[in-house]
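Working notes for the structure below.
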């Protein structure tokens, strides 16, 4: 039975944050003084597995593991393997900064991860450091991308948050890199999520401005729109030769009318909309001994409270991206 909200949207996709911690500090994601929650506040893998089983039973078929950085959570492959065995699970994917993929890519594939999205905001070492902090480098992320390709975690999607005057000049280089390696490259508009996200909105570039830079790099005739289903996400895709690029325009062309997703935070809150403050506590009833039927009722009630649209243009989200799972 499909999970349908009051606006007749089928909710089929859950983003699951397994950790608020991250080994990088990207300037649009978290401010330097921001501290992560204590691990004791996170759901255990046993608790998480029970909740994910309820979501699968209710009609969620696609799961994406996120963070923070999900690969800093020990024994993640064990969680994946258990999730992969659940009836109704169609796909498990992963969002990562790529730094730890050379170590874990093969095990993740064997456990049941189908594909990965990897963040790469700059190919230039100094630009990378300016955006992402002192940990990691473009070469280390590239190594993660190659490890994902070798392990068969495909298609590999590379996400670039585009900021005017910061990294927008690298768009042509990113397109070339994606074409050389057969990657799907996605450009993402900045969003006012958390203090860090609000601070970078002065560098906001719309998807139209981003696409214009792509056209300048490859020629207008070379950028061919792709129609038809391209997965459960909100990106609009274009073909450039044998590669693909996409744009995610949460600000300039929101996709709320077709939103199919919710988010489960590491501390057990169900976030109904990335741009709203609505959230439902699942950890407390879980730890107080709620039955499966009681958990199902809480989730079903939450789905009907999912808002019609985000309020990014009216107010910013106070929660940091690391606390929301992206």
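Numbers here mean position along the shown chain, with the first residue as 1.
Glycine is no exception: its Cβ is also placed from the backbone N, Cα and C atoms.
What Swiss-Prot records for this protein:
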DOMAIN    6-227  domain 'Radical SAM core'
BINDING   15, 64, 95, 157, 261, 262, 263  GTP binding site
BINDING   22, 26, 29  [4Fe-4S] cluster 1 binding site
BINDING   28, 68, 119, 191  S-adenosyl-L-methionine binding site
BINDING   256, 259, 273  [4Fe-4S] cluster 2 binding site
Q) Which of the three DSSP states, helix, strand or coil, fits residue 68 (S-adenosyl-L-methionine binding site)? A) coil
(Q) Quick check on the binding-site residues 26, 262, 273: which one has the highest count of other Cβ atoms within 10 Å of its Cβ? (A) 262
Q: May I ask you to report the DSSP-based helix, strand or coil state of residue 262 (GTP binding site)?
A: strand
Q: Going by DSSP, give the three-state secondary structure for residue 256 ([4Fe-4S] cluster 2 binding site).
A: helix
Q: Drop a 10 Å sphere on every Cβ of the binding-site residues 22, 29, 256 and tell me which sphere holds the fewest other Cβ atoms.
A: 256
(Q) Within 10 Å of residue 68 (S-adenosyl-L-methionine binding site) (Cα to Cα), which of the binding-site residues 22, 29, 261 do you find? (A) 22, 29
Q) At the Cα level, what's the spacing in Å between residue 64 (GTP binding site) and residue 273 ([4Fe-4S] cluster 2 binding site), rounded? A) 16
Q) Counting Cβ atoms within 10 Å across all protein chains shown, which of the binding-site residues 95, 119 comes out on top? A) 119
Q: Specify the count of other C-beta atoms within 10 Å of the C-beta of residue 28 (S-adenosyl-L-methionine binding site).
A: 24
Q) Can you list, in sequence order, the residues of the same chain other than 256, 259, 273 whose CB lies within 8 Å of the CB centroid of the [4Fe-4S] cluster 2 site? A) 254, 255, 274, 275, 306, 307, 308, 309, 310
Q) Within 10 Å of residue 157 (GTP binding site), Cα to Cα, which of the binding-site residues 22, 26, 256, 259, 273 are there? A) none
(Q) On a C-alpha basis, identify the one among 15, 22, 26, 29, 191 that is nearest to residue 259 ([4Fe-4S] cluster 2 binding site); the candidates are the binding-site residues. (A) 15
